[in-house]
Amino acid sequence: MMELRVICIIRLVVACVLCLCIFIRSASSATEGFESIACCADSNYTDPKTNLNYTTDYRWYSDKSNCRQIPEILLSHRSNINFRLFDIDEGKRCYNLPTIKDQVYLIRGTFPFDSVNTSFYVSIGATELGEVTSSRLEDLEIEGVFRAPKDNIDFCLLKEDVNPFISQLELRPLPEEYLHDFSTNVLKLISRNNLCGIEDDIRFPVDQNDRIWKATSTPSYALPLSFNVSNVELNGKVTPPLQVLQTALTHPERLEFVHVGLETDDYEYSVLLYFLELNDTLKAGQRVFDIYLNSEIKKEGFDVLEGGSKYSYTVLNISANGSLNITLVKASGSKFGPLLNAYEILQARPWIDETDQTDLEVIQKMRKELLLQNQDNEALESWSGDPCMLFPWKGVACDGSNGSSVITKLDLSSSNLKGTIPSSVTEMTKLQILNLSHNHFDGYIPSFPPSSLLISVDLSYNDLTGQLPESIISLPHLNSLYFGCNQHMRDDDEAKLNSSLINTDYGRCNAKKPKFGQVFMIGAITSGSILITLAVVILFFCRYRHKSITLEGFGGKTYPMATNIIFSLPSKDDFFIKSVSVKPFTLEYIELATEKYKTLIGEGGFGSVYRGTLDDGQEVAVKVRSATSTQGTREFDNELNLLSAIQHENLVPLLGYCNEYDQQILVYPFMSNGSLLDRLYGEPAKRKILDWPTRLSIALGAARGLAYLHTFPGRSVIHRDVKSSNILLDHSMCAKVADFGFSKYAPQEGDSYVSLEVRGTAGYLDPEYYKTQQLSEKSDVFSFGVVLLEIVSGREPLNIKRPRVEWSLVEWAKPYIRASKVDEIVDPGIKGGYHAEALWRVVEVALQCLEPYSTYRPCMVDIVRELEDALIIENNASEYMKSIDSLGGSNRYSIVMDKRALPSTTSTAESTITTQNVSHPQPR
């Protein structure tokens, strides 16, 4: 009997142990792949609400001096009371998390309320996910869904104007279905809603994927439903938990959910709608409804019960900007109105490829080698995330190669580094320039493989020993090698170096490195003279030659046309940056000039603009930065510095500035005719019909101003905010490009420049620039193409008050242009007042400017030439019409000429002018 009892006890213990093991394994399996990081937490802990284990972030950032405590008002619902502040001058700081390649993940950053001025960006790898900005006293969460491209991923915080910060970072595996239509994209969460939810948030362990379902309040027009449901088969791996689905909204006729404040650029959105029929008495066909997204029907006759289950879900995609409207409308013949339990909205962002994997692994290996002897080195601490993309690492420069970036330059000079030169530097196969000078490196110089692409190596001013490796001297592409001021190195390589063509200091400490200008001065002068001479000859020939234009719309006939010569030889001043006189004004003087800011003439992103008069009687526009300005000191300094260095007839000159008592003021000449926007479709008091020749002249003037910026000596300038409101008109209607607060110097060859501050205005913004964040002059070209369409059509670039198909000027106009129906887009105010060839030149240029890929867009210099040709055609046609008028002919502005070619002045043939509509030539 005793033995039997013992056996029972043993079996009971074994059963308990097995149950415990199964429970532990089940719990472990449920959280497999979870990464939960509590930034600056005192220690690892278990969250009492979710029972998830959170670890501190000290394995990434051990410095506790940058830890801050979350404001007390926000502590009630938090387990981690701290956050990490990254006090950095520039760049990014990243958390590298382990992943499984090709697994889909959710990644979520939590950012505590800091201040109304919060503004910085976050990214997944090299793909910008969004901006952290908050004006409400609450936490902000940014969440993205992505497919892991490798076995780890970077989540980065990128500094803009303020130091970035973060309190929590969470990584969760997700089902594959989330990316079924966007396998190569990152999906940014816009909204995840538990309709009529009772609890604030539903997440893990109720939701095994730890999605956070936000409860929404019940709209006054809708009816809430709530039932305790069980034994429901929920098919689909993206299905919400049953606790979310047991509440719903319904209405006898329609449900509508409007999301405003979305980004104004076109993005694809994925909308996931979840339905669970809560009325057990309903049968299939009794609750049928149509589903619309932004008034576009996506599902017709949708019936939750049609498949025999009470549960159903659907995934819908749509392109939208600014807002997204989900509407469910009762179908004809249905007994009951629509129902919805929960939904998600995700924005699809293009995945930006990271640095070449080989280069990435090598430089990360090199960083680890350097850190062994340089634990607190400032340069190495700043090396975080991707070395090339979204703020390249200090000392690193990259170039594009086969769709990804490769490291071509490594400059760690004067970085206070010690220890041996990392051997991994020899594994950087695309490296061309290596500069490790002015450090404390010791030991031997590593050997480089003959396949190395190095063209310049500088190892001078270190503590290196031994002999210069033969492998370096014999590198096939090397043309400069400096290793002087290494007192322990042997200098017996002079003979070998003499036999090569390498520029070198021969290892001597007193040898001066030849400057590029000194070495190549004669060659540069000679080559430059030849190139300039050739350029002038070619330019003269191209501008003076007779152009043969094929007019496809007129039977394919060819008409020779003599093109006027419009060019000027560059003066010597054009090759040097001029110092323009910009006068500093006192605040007292500004207040006197504006009569205490009496006359307000405009408002902009920088602030208010007032009219004033200087002592000499010159009328001026005074731009005063407001306290709520979206632009700051950086934009003020940017415009001041730029306009102090440039001057051109078609750029608004800066007369002076004031920077006193926290006031930032810029002073310009007053432009009496306002802006191009005012004249085309501005306020009625400012609006005035511009005839076609005047519009063409304005377009040409603005193009010349932009071309001057793009060909600026030394380094071209990109405006970044080209639009009709930034093209001002003086008393003679001369166009002047204005507002240089966002302007930047163009990236030079070899730079790996990415601007997270994607600047511009909705309707004008280059989509390629926005998606890739790669800035170039062609971004201005795209915006100028929109301006040309404004000039032709008299319409604004975006107007959501028009029918949906006409919201975007570009998307509305393109089909008409491609169908050769340009008359359909021409401003009614100028119809009949233009020459067909001149108009087509402008329209064709606009279409080329609006090419989706910047490679296919023309440069501003080419645009200037095309517009010059168009103006010549228009002016010559006008002169011809004047001669007709003098003979008693018809008014030129009531007709359209039926030929784009100009009649010869010596021709005695009868005039071919007609008042009938003409067939326009096909766009080239």
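Cβ from N, Cα, C; glycine included.
Of the listed segments 295-316, 361-382, 757-778, Swiss-Prot assigns coiled coil to 361-382.
Residue counts for the repeat 'LRR 2' (430-452) under DSSP, split into helix (H, G, I), strand (E, B) and coil, are 0 helix, 7 strand, 16 coil. Here the repeat 'LRR 2' (430-452) has long-range neighbours at 356, 359, 397, 399, 401, 406-423, 458-466, 468-469, 471-472, 474-477, 482-483, meaning same-chain residues at least 6 beyond its ends whose C-beta is under 8 angstroms from one of its own. The number of other Cβ atoms within 10 Å of the Cβ belonging to D721 (active site, proton acceptor), over all protein chains shown, comes to 22. D721 (active site, proton acceptor) carries neither a helix nor a strand DSSP state and counts as coil.
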